[in-house]
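Sharing a structure with you now.
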Amino acid sequence: MTKTFRNPQLTKNGELKHLLSIEGLSRDMITHILDTASQFVSLSDSDRDVKKVPLLRGKSVFNLFFENSTRTRTTFEIAAKRLSADVLNLNINASSTSKGESLLDTINNLSAMSADMFVVRHASSGAPYLIAEHVAPHVHVINAGDGRHAHPTQGLLDMYTIRHFKKDFTQLRVAIVGDILHSRVARSDIHALTTLGVPEVRAIGPRTLLPSGLEQMGVRVFHNMEEGLKDVDVVIMLRLQNERMSGALLPSAQEYFKAFGLTPERLALAAPDAIVMHPGPMNRGVEIDSAVADGPQSVILNQVTFGIAVRMAVMGIVAGNSD
């Protein structure tokens, strides 16, 4: 008898109860998240007196960041508070996990404190899946980045940003540039872009920083920056993740910038109205020139702003679905 595989992110009715990866989400589901996020963008308006909605009132959200983060943790905290949730940020270095307590023991103890949602960043790929399999049916898990595997909310906010500026995914050429081998953002972006119907996704980088199997994912591979950027509509720059590299994969940061840094001259090879994105943190003078990062085609700060609304949408959607 054939065993039926069920996506662990979904309820029996196919609704989103956890967000663990963009892989496996339908185009309709991704579009629903983006549409929901658009309703929350107005809450960020500086002219708005009331910036909260009561969607998660009475719910407890635990931010569990086992890796350092500023941008992601802060935007999740703001998102949860704007949904009226009670938020607890666990200080991992001061917690029992640094004294040898297992991940699941930590989850059990926090669940006993009536946690309703865990937002998890972990160095081990698959850690959020393990937690999602372990928690009670009413508890929700959102992956805020696991190892090299996935960063689904970053992928979704990138798609929101692209849709905001470019409207139609089916008419775009998108280039992802840099350390794709170690990038969970790149994996999430590629799955989202192909699911949303982008006809041409390009990966640009040195051979040592591009994983095998990109072509099987429908990605065109370039090892020359000038060739890869020609006529693209969106450029997504990635930082060098030196903390995940084992061994000398590059000669030097200066040599990398010389070959793959995004300069105004190289950006001129893209479409005239191309936008430049970066998930952060940026390494100026390594993967991107300051003139580009701060230039008129950069939408990097828009990504940060939209990230709050997208994370509000994800939290609101999963909180409404349980088995």
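A Cβ is built for glycine as well, from the same backbone N, Cα and C atoms used for every other residue.
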Going by the carbamoyl phosphate site in Swiss-Prot, where Arg71, Thr72, His151, Gln154, Gly280, Pro281 are listed, which of the candidates Arg48, Arg121, Arg173, Arg266 is also part of it?
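Looking through Arg48, Arg121, Arg173, Arg266, the residue Swiss-Prot assigns to the carbamoyl phosphate site is Arg121.
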Indicate the candidate from Thr72, Gln154 with the smallest number of other Cβ atoms within 10 Å of its Cβ, considering only these binding-site residues.
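Across Thr72, Gln154, these binding-site residues, the one with fewest Cβ atoms within 10 Å is Thr72.
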Tell me, how many other CB atoms lie within 10 A of the CB of Arg121 (carbamoyl phosphate binding site), whichever protein chain they belong to?
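Result for Arg121 (carbamoyl phosphate binding site): 24 neighbouring Cβ atoms inside 10 Å.
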Which binding-site residues are spatial neighbours of Arg239 (L-aspartate binding site) here, meaning Cα within 10 Å, out of Arg71, Thr72, Arg121, His151, Gly280, Pro281?
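Checking Cα-Cα distances against Arg239 (L-aspartate binding site), the binding-site residues within 10 Å turn out to be Gly280, Pro281.
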Does anything in the same chain, at least 6 positions from Gly280 (carbamoyl phosphate binding site), have a Cβ under 8 Å from its Cβ, and if so what?
Arg71, Arg239, Ile300, Gln303, Val304
With the cut-off set at 10 Å between Cβ atoms, which of these binding-site residues ends up with the most neighbours? Options: Arg71, His151, Arg184, Arg239.
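It comes out as His151.
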Can you tell me which of the binding-site residues Thr72, Arg121, His151, Gln154, Pro281 is spatially closest to Arg184 (L-aspartate binding site)? Compare CA atoms only.
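Looking at Cα distances from Arg184 (L-aspartate binding site), the smallest one goes to His151.
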